[in-house]
Amino acid sequence: MNRALRIGVLELQGDFYEHEAMLQRCGVQPVGVRRLAHLLDDRGEVLVDALVIPGGESTTIGMLLDELGMLEPVRQLVRPPHALPVLGTCAGCILLAREVKSEPQLKRIGCMDIEVQRNAYGSQVDSFECHVRSEQFADGEPLRAVHIRAPAITRLLQPESVRVLAAIEGRPVIVQQGNLLACTFHPELTTDTRVHQHFVAMVRARTRKAMPKST
Ligand SMILES: NC(=O)CC[C@H](N)C(=O)O
């Protein structure tokens, strides 16, 4: 059986629209997530196969998640046994990070074993684009990495379980840990679907595993 994937996109703040357009280009119909009822029904059944946390302002998204009563439920869903796949880009990467340099109080999901530093390259005017070669995305051109007030991944807290899929000058910019995929830049602002396709493949692989065998 091959049912349509339901990939939730957190629509609290940031560039969720661009992620939704990207998922559509990957053949997936996105599901907007603005409150807890979009994630869990009243019997506690999970309504999405995965979640995308967009770029934007991590402090705002974290605060809204908390105020809307979604932070703890999302944290629970992301952890085993449910292990909901999550893609976080830029602010989304910060929200996934277990440690945020100098800002331990920042409200976040905090389930991925990375340390990040917010605004690591400076302010808005120091935003930049570059090209990244990656073995994971080796087909075709290098990835175009749009960094907007981007964070840096400054440390892998569990190097044995966090895979670096792409790095710039030795600094990880795309990392994966089991069901979690984080990217310090914005693939959703380009026309290159490879990072999203990789995420969709992660979600499909997991959904297939979780499905009862049809006879
Ligand atoms: N483009 C982005 O998502 C910027 C992230 C932002 N600087 C933050 O710390 O939340």
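The backbone N, Cα and C atoms fix where each Cβ goes, glycine too.
TrEMBL does not curate its annotations; it predicts them automatically.
The L-glutamine site recorded in TrEMBL comprises G56, E57, S58, I148, R149 together with one of R25, R34, R98, R118, namely R118. Highest Cβ count within 10 Å among the recorded positions E57, E188: E188.
Compute the center of the Cβ atoms of G56, E57, S58, R118, I148, R149, which mark the site for L-glutamine; besides them, the chain residues with Cβ within 8 Å of that center are G14, G55, C90, A91, I94, N119, A150, P151. Secondary structure at E188 (active site, charge relay system), as computed by DSSP, is helix. With a cut-off of under 6 Å between the Cβ and any atom of ligand 1, the recorded positions G56, E57, R118, I148, E188 reduce to G56, E57, R118, I148.
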